[in-house]
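Marked as compositional bias 'Low complexity' by TrEMBL: 305-339. Annotation comment: TrEMBL describes 369-378 as compositional bias 'Pro residues'. Here TrEMBL flags 136-260 as domain 'Palmitoyltransferase DHHC'. Look at TrEMBL and you will find 302-394 tagged as region 'Disordered'. Annotation source TrEMBL lists transmembrane segment at 36-54, 66-83, 182-206, 226-250.
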Amino acid sequence: MSAVMITRKVRKWEKLPGKNTFCCDGRVMMARQKGVFYLTLFLIVGTCSLFFAFECPYLAVHLSPTIPVFAVLLFLFVIAMLLRTSFSDPGVLPRALPEEASFIEMEIEAANGNVPAGQRPPPRIRNVQINNQIVKLKYCYTCKIFRPPRASHCSICDNCVDRFDHHCPWVGNCVGKRNYRYFYLFTMSLSLLTIYIFTFDIVHVVMRSVDNGFLNTLKETPGSVLEVLVCFFTLWSVVGLTGFHTYLISLNQTTNEDIKGSWSGKNRVQNPYSHKNILKNCCEVLCGPAYPSVLDRRGLMQEDSSASATSAAPPGSSMSSSNSMSSSTAPPTMKTTAPLIPNEHTPEDVKPSLGASEQKSPSPKEQRPPTPKLPPLASPETDAEASITKDKTH
């Protein structure tokens, strides 16, 4: 068994931090809590389906055929703005890389100096000047960056969003710099559609009641009653939300800034982003340039992963597999050879090299031949004693 490093290319959205979900290979970006979004979609599609089924056939004949046509166009526009708001990047800011985060930490420590033990360190802020107005940039401890002006960290999506307005569960996404205009167009068109359906529901019930009576009308078109109830309770919230955001757009202000009172004038701080003109503020928010996403969700990046590889071999070839593994792990500058096994199949291109290696590197027995045993050498004293003993015997 051996570990093999495998390098594969993945999309950047697969490794992005935060609590977002992606679909269609990173083209669709939403929050994880999408239940209320599905409820919004169901209410819009369900109410319009009842209107097209019960009211439109009667009104097209007795009033005008343009009534269902305009309703279809308005319905398609509402759905398009809803999906555009829900599926787009609201302006998420990328988090700092480890090198960038360490560099920012060094800058902060150098600016603040050594803080004595037991004392709270000073707040991490930077001051910038916008239209002769001092604006504070706050440090995000999660993203490890100094947030741009008007940006804030969303606790639900766990991301810093540029020009953060609010997190809307009805659309299943944050509302920020890149999708605010689509959110406003969605609320405005939904208000018009709700008023349109509510008005012609009442017209339809009144026209039928004149001919057939009110009770008979309710029996023939039960969907009209349900539509009137849904539109009545939805109308106030949707129209009120549209009016509130119209007020914010006229001041060039966000919901987050309005709730916090950032430009309320308590500290003699005025809104540096307002042009002091309602028309100019509306044109900047609704007709400004479309900002590109800074996440590069569909970009490619390399990821290294380790995988274990095992190879099964028959019992007779266990030695050959071990020898081949040892030869494969040897450095490229060294040439190691192993003795051939009788039943082992050797490729033709390897046989010459093996024969040459056997000639060049003989076995240990050939390198060190056995030395013959020599009799011990006799000393001069031993020879003299032997000669004296021989004379005595004679």
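Counting begins at 1 with the first residue displayed.
Placed from the backbone N, Cα and C atoms, the Cβ positions cover glycine too.
Computed from a predicted structure; not experimentally measured.
The residues of the domain 'Palmitoyltransferase DHHC' (136-260), classed with DSSP into helix (H, G, I), strand (E, B) and coil, number 76 helix, 19 strand, 30 coil.
Counting only same-chain residues 6+ beyond the ends of the transmembrane segment (66-83), those with a CB under 8 A from a CB of the stretch are 40-41, 44-45, 48, 51-52, 56, 59-60, 171, 182-183, 185-186, 189-190, 192-193, 196-197, 200.
Across the domain 'Palmitoyltransferase DHHC' (136-260), mean pLDDT in this model comes to 91.
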